[in-house]
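*Asks:* One structure follows; several queries about it will come next.
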Amino acid sequence: MNVYEGNLVGTGLKIGIVVARFNEFITSKLLSGALDGLKRHGVEEQHIDVAWVPGAFEIPLVAKKMAESKKYDAVITLGAVIRGATSHYDYVCNEVAKGTSHAALSSGVPVIFGVLTTDTIEQAIERAGTKAGNKGWEAALSAIEMANVMRTFS
């Protein structure tokens with residue numbers, strides 16, 4: 001039996017990050033966490049590209065474009081969608097998740113879902129570097145691991 005696992009060594013990896021500007025006080029913290037995680041695991045700063053988009057709904061298109069360019073070993077998506085009083089939240093969350101998955105499957109490049117989908121602003125803050133850790137950091141580690149496991153199949 002063969003077992004394949006990625007490792008957390010980022011040396012030589014090229015990573016793209018797509019960040020939503022909407023709720024930037026949260027997404028900027030997710031980005032800081034992701035950048036810290038990438039650099040601490042060996043990804044060089046000059047091998048990281050960051051693209052800002054207006055909101056979470058716009059993330060999948062840019063993530064797909066980055067992935068299809070084949071310039072990146074993985075793409076990380078970062079955003080924060082917080083439930084409001086209307087059904088808009090459900091539509092945005094569903095489409096961003098589907099679009100992110102489609103970008104990965106159609107390109108063959110790992111596209112990591114680092115978009116917070118929370119009921120409250122407090123939950124988003126907790127996941128952007130306080131009580132619940134930083135989901136940007138976690139997305140960065142997932143990107144490194146997935147990029148490395150994909151290399152085993154090249």
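Note: Cβ is positioned from N, Cα and C throughout, glycine not excepted.
So Swiss-Prot says this about it:
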BINDING   Phe22, Ala56, Phe57, Glu58, Ala80, Val81, Ile82, Phe113  5-amino-6-(D-ribitylamino)uracil binding site
BINDING   Ala85, Thr86, Arg127  (2S)-2-hydroxy-3-oxobutyl phosphate binding site
ACT_SITE  His88  active site, proton donor
*Asks:* Whole-number Å only: compute the distance from the Cα of Ala80 (5-amino-6-(D-ribitylamino)uracil binding site) to the Cα of Thr86 ((2S)-2-hydroxy-3-oxobutyl phosphate binding site).
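*Replies:* Distance between the two Cα atoms comes out at 16 Å.
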*Asks:* For Phe113 (5-amino-6-(D-ribitylamino)uracil binding site), what is the tally of other C-beta atoms lying within 10 angstroms of its C-beta?
*Replies:* 20
*Asks:* Far apart in sequence but close in space: which same-chain residues, 6 or more away, have a Cβ under 8 Å from Thr86 ((2S)-2-hydroxy-3-oxobutyl phosphate binding site)?
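*Replies:* The answer is none.
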*Asks:* Between Val81 (5-amino-6-(D-ribitylamino)uracil binding site) and the residue listed as 'active site, proton donor', how many Å separate their Cα atoms?
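*Replies:* Checking the Cα atoms of Val81 (5-amino-6-(D-ribitylamino)uracil binding site) and the residue listed as 'active site, proton donor' gives a distance of 10 Å.
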*Asks:* Where among the binding-site residues Ala56, Ala80, Val81, Ile82, Ala85 do you find the Cβ with the fewest other Cβ atoms within 10 Å?
*Replies:* Ala85
*Asks:* Write down the Cα-Cα distance for the residue listed as 'active site, proton donor' and Phe22 (5-amino-6-(D-ribitylamino)uracil binding site), rounded and given in Å.
*Replies:* 14
